[in-house]
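Colleague: Dumping what TrEMBL says about this protein:
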{"type": "COMPBIAS", "residues": "792-805", "note": "compositional bias 'Polar residues'"}
{"type": "DOMAIN", "residues": "30-138", "note": "domain 'Cadherin'"}
{"type": "DOMAIN", "residues": "139-247", "note": "domain 'Cadherin'"}
{"type": "DOMAIN", "residues": "248-352", "note": "domain 'Cadherin'"}
{"type": "DOMAIN", "residues": "361-457", "note": "domain 'Cadherin'"}
{"type": "DOMAIN", "residues": "458-565", "note": "domain 'Cadherin'"}
{"type": "DOMAIN", "residues": "575-680", "note": "domain 'Cadherin'"}
{"type": "REGION", "residues": "783-805", "note": "region 'Disordered'"}
{"type": "SIGNAL", "residues": "1-31", "note": "signal peptide"}
{"type": "TRANSMEM", "residues": "693-717", "note": "transmembrane segment"}
Amino acid sequence: IQTRSPAGRRAAGRVLLLTAVMLGLCCRATPEPIRYVIPEELDRGSLVGPLARDLGLSPAELPARKLRVTSAAKRQLQYFTVSEESGELYVSERLDREEMCGEALTCSISFEALVDNPLNVFHVEVAIQDVNDNSPTFLRDTFQLEMNELTSPGARFVVGPAKDADVGSNSLQSYELEANRYFEVEVKEKQDGSKLAELVLRQPLDRESEQSLRLVLMALDGGDPPRSGTAQLFINVTDANDNAPVFARDRYRVSLQEDASPGSVVLKVSATDADAGTNALITYGFGEMPTELLRLFVMDAESGIITLQDLLDFEQTRGYTLLVEARDGGGLVTHCEVELEVMDVNDNAPEITVLSVSSPVPEDAPVGTVVALVNVNDPDSGENGQVRCELSGEAPLSLVAYSGGSYKVVTASALDREQAAEHRVTLVARDRGIPALSSSAELVLEVSDVNDNAPVFEEEVYSAYVAENNAAGAQVLRVLARDADAGANGRVSYWLEGGSAGEAAPPVSVEARSGAVYAQRSFDYEQCREFAVAVRAQDGGVPARSSTATVRIFVLDRNDNAPRVLWPTAAAAGAETPPFEVVPRSAEIGYLVAKVVAVDADAGRNAWLSYELLQAPEPALFRLGPQSGEVRTARAVSERDAAKQRLVALVKDHGQPALSATATLHVVLAESLQEALPELSERPAGVDSSAELQFYLVLALALLSALFLLSLLLALLARLRRAGPPTVLRCLGAQRFSLASAALPADFCEGTLPYSYNLCVAPGRALTDGSFVPPPLPSLPAEAMLGGESCTKPSPNSTTGSGDP
């Protein structure tokens, strides 16, 4: 753009800047894959890279964008995971490069990173670098070689190659041979990069001096430090066979289709030998090869025909290298190689993987909204692996090719939920092979409604009745609101807006999902009898719609408070004289002594109180009004009545179960206060004649029990005197018995008491009357056996000097 004025130059600059920005946006439409390079054998949980940061996502965007990884090859997803908090890519399973990629020089894992809002896909590639974790190994630990003594110096003998699962510089690099005077080892590199060990004869062999040789062959890799493997070489020196077999070619090349049936002929090799007789008789066979190749191919030893034994798979292995050897009758061996190329056939249908489906889609979604991401892959090669995709079915959707076999399913026109709440389409993938193979997958797209209805409660005002002392967390009632919308727009949540209790914390709570109203604490009817709260029902739409309802809760009374006595008051701690009432001895019937005053914090029947006289020394002297609580004289006071009277009144409510309290009233029968004071210094009125009588009854029972035990003991002692010493003493002192002729049985029991006494007699001895004099036993007085107490039964009318029992 050319212009002469400054304004024109500024306008041209703006045009160039806009063009650059548009080119940048176009370039970002097909972003390059995000690549990371990590070594193999990393520990689980090792960091691969900051995936979210490389995608341009900030930590605050991660919850909304829902970063995740996916792949058509499900096995690849087991190696990596994405942190939901940081968006970093971590190793989730041990990475073994040799197991994942085999002998390939490069190894990488590709997958897709998906984000929502808006939906997008990014390709991620993680390259796995090889580490030297495998040592070279020979297919066999020992090799048997036969060499004619006429073998010329410079002759070469191929030894089975060593294998190293590592690649690059960590793979097999060289061979070393144990020091000897006949052979050296040289490395022969094949066209595929593998290295063989060739023994080179440097000096002629002499069978007469050495009939056999034993050498150690070592294979080394290029790691740091290097790893090695060894094999034993046993070389047998034979007599003259100076011509080895010669193959028609050093290397044979052949191709075979992967659908070839077992038994198919692969190739026929041939070799000639200039010798004659048995030295010219050639047999064919395979050299040192992996076991899987020996199971796949077989060779006829006489004809040299190689035959297929098992099925081939181009997708698994695209070629094989066979080592063929020809051995003559003299033991000379010649080798050649057969390179087999596997040809692909169209034997795999396209594989459809649905990576993500955004369903349901709101009916107001704009045209071009991505509703699904799919990946189509065909493991075949060439035209057999080229795939065409299309959507079948009547739906306002279209298919847009992305990259790497990925496709976007987008809306082609406006959606209308009232006309169709669901769309079903079939994705058909067809390759270009002959005949063509195809596969299909059904996509179901649901259309969601917009939020145009507010929740509606079944009732505007709810009422609940809860008995006090309820358990905290108990359900009070359940509110229910319905929303005519669908999905999140019709999902109702409940919230508590406030109440009339006037407290900082509301007394109830509401469960957001179910609308159940729970008590936050135990209610107390005496503190709060009713309150109201407002419950708000809100749907999940954006913007949300809501409505409110009032919940009135009435607290019902329970009998949880016992009556409380206001009068008479209990005596203070440490007080010598409790409160008392003075009643003149001249008081007539119905004289008002005192009034028991009690209150109950409960209400209704739980607070109705009744009174009754529980204890009184003279039950006929006083009566207690059951409703009024008034204590009055029931008869005239007589001179025989005790001066001090202790009355216990029971105050009981009418609850279920009933609760009660007691009140103690001290009454002094005196004409005046001065006459009552001397009575207060005497013993307490609570110790009455009935308590004394009870004490004496217990004492008499104890004395009778002691007399019975004493009688039993005396009878037992008398019986022991007549029966002789105890059995144990007689067992210990058997030599004390005489040799009288009159004998008693060895076991002797006598008497009427329920006890048996056993006599132990020495062998050959007998007992006679009077031959045993029992030792004297001390007799204890009855007072000592009864602990020194008197056996005299006290008179029921006796009392102590102080008047106490």
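From the backbone N, Cα and C atoms, a Cβ is placed for every residue, glycine too.
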Colleague: For the domain 'Cadherin' (30-138) and the domain 'Cadherin' (361-457), decide whether they are in contact, meaning at least 3 CB pairs lie under 8 A, counting pairs 6 or more apart in sequence.
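Modeller: They are in contact.
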Colleague: Tell me the residue counts in helix, strand and coil for the domain 'Cadherin' (458-565), as DSSP assigns them.
Modeller: 4 helix, 51 strand, 53 coil
Colleague: For the domain 'Cadherin' (139-247), how many residues does DSSP put in helix, in strand and in coil?
Modeller: 3 helix, 56 strand, 50 coil
Colleague: Looking only at the domain 'Cadherin' (139-247), what is the mean pLDDT?
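Modeller: Mean pLDDT, the domain 'Cadherin' (139-247): 87.
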Colleague: How do the residues of the domain 'Cadherin' (361-457) split into helix, strand and coil according to DSSP?
Modeller: 4 helix, 50 strand, 43 coil
Colleague: When secondary structure is assigned with DSSP, how many helix, strand and coil residues does the domain 'Cadherin' (30-138) contain?
Modeller: 21 helix, 38 strand, 50 coil
